[in-house]
Amino acid sequence: LNDHLSFNFDKFVPNQNNILFQGEASVSTTGVLQVTKVSKPATRSIGRALYAAPVHIWDSTTGRVASFETSFSFVVKDEPEKSNGVDGLTFFLAPANSQIPSGSSAGLFGLFNSSDNKSSNQIIAVEFDTYFGKTYNPWDPDFKHIGVDVNSIKSIKTVKWDWRNGEVANVVITYRAPTKSLTVSLSYPSDQTSNIVTASVDLKAILPEWVSVGFSAGVGNAAEFETHDVLSWYFTSNLEANPA
């Protein structure tokens with residue numbers, strides 16, 4: 001069994017053979033991973049893109065748990081420019097061979113089909129959420145945000161996201177198994193500041209031993225139009241030695 005996995009996409013190619021495409025995710029001729037539809041109308045568009053090989057995230061025989069790091073660049077672009085945003089992008093870990101649940105469009109990001117916090121979901125996600133509004137998304141804070149989601153669309157931890165429409169965002173997500181610490185950092189090259197959120201997450205208690213990793217995004221039922229494009233993606237994971 002492979003206890004270590006690393007891959008790196010500087011760019012993508014159409015019909016990339018080591019990416020599983022679900023819903024309306026695709027790769028453009030220019031090498032961009034487009035997680036949702038890029039042409040109007042995109043109402044209720046939903047997509048996911050997963051690395052084809054499963055990741056060994058913990059081992060029941062030894063009790064070992066993986067530490068991982070992933071970095072990626074993405075662009076979320078809205079039209080018209082002053083729109084509210086609909087709805088956002090996630091990086092997530094879910095059971096291997098996971099599919100898009102029915103009823104999971106818009107602010108449920110193709111991950112959940114309700115706001116229920118069910119342990120059977122077996123999902124950890126980092127959401128980059130451009131839409132907030134108590135009418136449709138009562139679980140959200142009152143600002144655009146980065147959130148850590150555990151089995152539920154209601155984040156266990158959020159931080160305000162200074163979203164820049166159409167700008168490239170650089171993200172680094174690290175998970176340290178010994179401390180059960182998940183840290184997310186997002187920055188824009190045009191700016192020296194970062195939006196950072198850290199949460200305590202026990203992978204072994206939430207996820208199955210083998211998971212799929214990737215991106216998901218959803219567009220709501222609105223006049224606004226939003227695209228969710230991933231430009232590059234690096235991931236590495238390693239099962240740690242036995243805990244003392």
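Just so you know, glycine gets a Cβ as well, placed from its N, Cα and C.
What Swiss-Prot says about this protein:
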- Asn113: N-linked glycosylation site (CARBOHYD)
- Asn117: N-linked glycosylation site (CARBOHYD)
- Glu127, Asp129, Asp142, His145: Mn(2+) binding site (BINDING)
- Asp129, Tyr131, Asn137, Asp142: Ca(2+) binding site (BINDING)
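Swiss-Prot feature annotations superimposed on the structure.
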{"residue": "Asn113", "record": "N-linked glycosylation site", "Cβ within 10 Å": "16"}
{"residue": "Glu127", "record": "Mn(2+) binding site", "Cβ within 10 Å": "27"}
{"residue": "Asp129", "record": "Mn(2+) binding site", "Cβ within 10 Å": "27"}
{"residue": "His145", "record": "Mn(2+) binding site", "Cβ within 10 Å": "22"}
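DSSP assigns Glu127 (Mn(2+) binding site) to a strand in the three-state reduction. Cα-Cα distance from Glu127 (Mn(2+) binding site) to Asn113 (N-linked glycosylation site): 16 Å (rounded to the nearest whole number). Here Asp129 (Mn(2+) binding site) is positioned 17 angstrom away from Asn113 (N-linked glycosylation site), judged by their C-alpha atoms. In the three-state DSSP reading, Asn113 (N-linked glycosylation site) counts as coil.
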